[in-house]
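Take a look at the structure below.
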Amino acid sequence: MKQESLGKEIIRLSLPATVENIFQTLVGFVDTLLIAQLGLVAVTAVGLANTILNVYLAVYMALGVGATALIARSIGAGDRESLTFHVRQALVLSVGVGVLFGLLSLVFGRQMLVLMGADAESLAGAQAFFYWVGGLTIFQALMTILGTILRASGDTVSPMKMSLLTNGFNVVLDYFLIFGIGSWSGLGIVGTALGTVLARLLGTVLLYRKVQQTDLAVDLKQLFHLGSPKEMVDLTLPAAAERLVMRLGQVVYFSLIVGLGTTVYASHMIAGNIESFTYMPAYGLATAAAVLIGQALVKGDILTVRRVAFLSSAYGVAIMFLLGTILFFGAPSFALLFTKDLEAVHQVVTALRIDAFNQPGLAVSLNMAGALQGLGDTKSTLYSTVIGMWGLRVVGAIVLGQMFGLGIAGVWLSILIDLLLRAIFLTWRFHVKTRKLAE
């Protein structure tokens with residue numbers, strides 16, 4: 001494929017995935033605003049439950065990494081039998097894991113929330129939310145995997161459309177179920193839980209119908225003819241470990257930031273919310289890279305593999321350099337949208353201006369992670385996450401933030417160092433892998 005055509009294909013695949021990610025982030029903001037109307041206890045309750053639910057999501061996304069690599073390879077090879085085999089495996093494994101997590105939520109939900117630090121005031125609300133959303137987490141598992149299956153086949157538009165519809169439905173449901181309508185006063189926290197579950201049920205049905213209308217269609221009678229899941233499990237386990245290491249590291253990392261003071265922690269969270277929009281293009285490009293590299297790999301086309309990785313990273317650096325510039329100069333205005341506290345505004349601006357320099361490194365690290373996953377290497381990203389989160393961010397928060405007294409600047413400088421070194425490491429690993437494949 002010519003470089004110009006390859007560039008267009010990367011944009012075609014990445015743009016819908018980027019729009020989908022941006023919309024999901026926006027919906028998260030709206031949900032938070034709605035729940036905040038119920039009071040800080042409700043925000044705390046839902047936040048505690050979501051901390052555990054995010055661990056579930058990390059496992060589902062890891063399963064998606066394995067499914068993407070294997071499905072993309074099967075499509076690249078034109079192997080219909082292998083394709084349907086891997087689609088079946090991904091669906092059955094997602095159902096199995098979703099049912100397991102659902103049972104854990106129902107049986108041990110209260111204990112998990114107490115371990116997370118839920119107090120008597122927030123426990124009741126957290127438990128009600130967690131029982132509904134965690135108990136029926138199978139719909140989140142299926143939505144994640146069905147969307148992954150479509151993206152791996154090169155269709156990033158359908159998951160985007162389904163996401164827009166499902167998330168819009170979720171916001172409308174949340175509003176009426178939380179606050180009620182007319183004389184009905186609504187269900188409060190339980191309302192947001194029901195809105196989430198019903199929206200995911202809708203999303204599951206829509207995505208399943210779309211899959212069944214394509215060459216990826218699964219014969220339900222053959223669904224449990226699994227064969228050995230070893231290949232998918234081998235790809236999934238390192239990806240799952242990477243995400244769990246990241247989540248656990250975040251818990252420790254956040255606790256260290258709390259130790260720097262309430263204003264520092266609040267400023268860090270505000271800055272994190274603002275910068276979350278900037279890396280959406282890189283996620284979209286990484287999705288495109290994983291799909292196209294998986295398809296090229298099975299054909300033995302190492303030149304295309306390298307071109308995809310280079311182009312997706314170059315596009316990412318260019319886009320995120322622009323976003324970083326906007327972040328740097330717009331930092332005061334962005335901060336004032338969230339708080340009027342002058343000290344907090346100053347700290348948010350400090351964080352965002354350091355983060356502006358993070359953007360190119362983040363673009364390269366995310367795209368190289370996607371490229372390596374397309375090659376079937378999920379271990380390199382695990383190693384980079386272990387070193388980056390525990391060796392650089394956690395240690396950096398202690399040394400730069402606490403010992404050197406740099407506060408929030410030290411925290412975000414440690415992120416800058418992590419992303420720069422991670423980009424270098426993953427790029428090196430990609431070149432090592434492709435050089436071996438070319439021999």
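Using N, Cα and C of the backbone, Cβ positions are placed for all residues, glycine too.
TrEMBL labels come from automatic prediction, so no person has curated them.
A quick note: this is a predicted structure, and the numbers were derived from the prediction, not measured.
Pulled from TrEMBL:
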{"type": "TRANSMEM", "residues": "21-49", "note": "transmembrane segment"}
{"type": "TRANSMEM", "residues": "55-78", "note": "transmembrane segment"}
{"type": "TRANSMEM", "residues": "90-109", "note": "transmembrane segment"}
{"type": "TRANSMEM", "residues": "129-150", "note": "transmembrane segment"}
{"type": "TRANSMEM", "residues": "162-181", "note": "transmembrane segment"}
{"type": "TRANSMEM", "residues": "187-208", "note": "transmembrane segment"}
{"type": "TRANSMEM", "residues": "251-271", "note": "transmembrane segment"}
{"type": "TRANSMEM", "residues": "277-298", "note": "transmembrane segment"}
{"type": "TRANSMEM", "residues": "310-331", "note": "transmembrane segment"}
{"type": "TRANSMEM", "residues": "394-421", "note": "transmembrane segment"}
Outside the transmembrane segment (310-331), six or more residues from its ends: residues with CB under 8 Å to it: 3, 6-7, 10-11, 14, 274-275, 278-279, 281-282, 285-286, 288-289, 348-349, 352-353, 355-360, 362-364, 366-368, 370-371, 427
CB contact flag for the transmembrane segment (394-421) and the transmembrane segment (187-208), at least three pairs under 8 A: no
Non-local residues, at least 6 beyond the ends, that sit with Cβ under 8 Å of the transmembrane segment (251-271): 335, 338-339, 341, 343-344, 347-348, 351-352, 355, 389, 393-394, 397-398, 401-402, 407-408, 411-412
Close approaches to the transmembrane segment (277-298) from elsewhere in its chain (Cβ under 8 angstroms; 6 or more beyond its ends): 6, 9-19, 21-22, 25, 65, 68-69, 71-77, 151-152, 154, 156, 304-305, 308-309, 312-313, 315-316, 319-320, 323-324, 327, 355, 359, 362-363, 366-367, 369-371, 373-376, 437
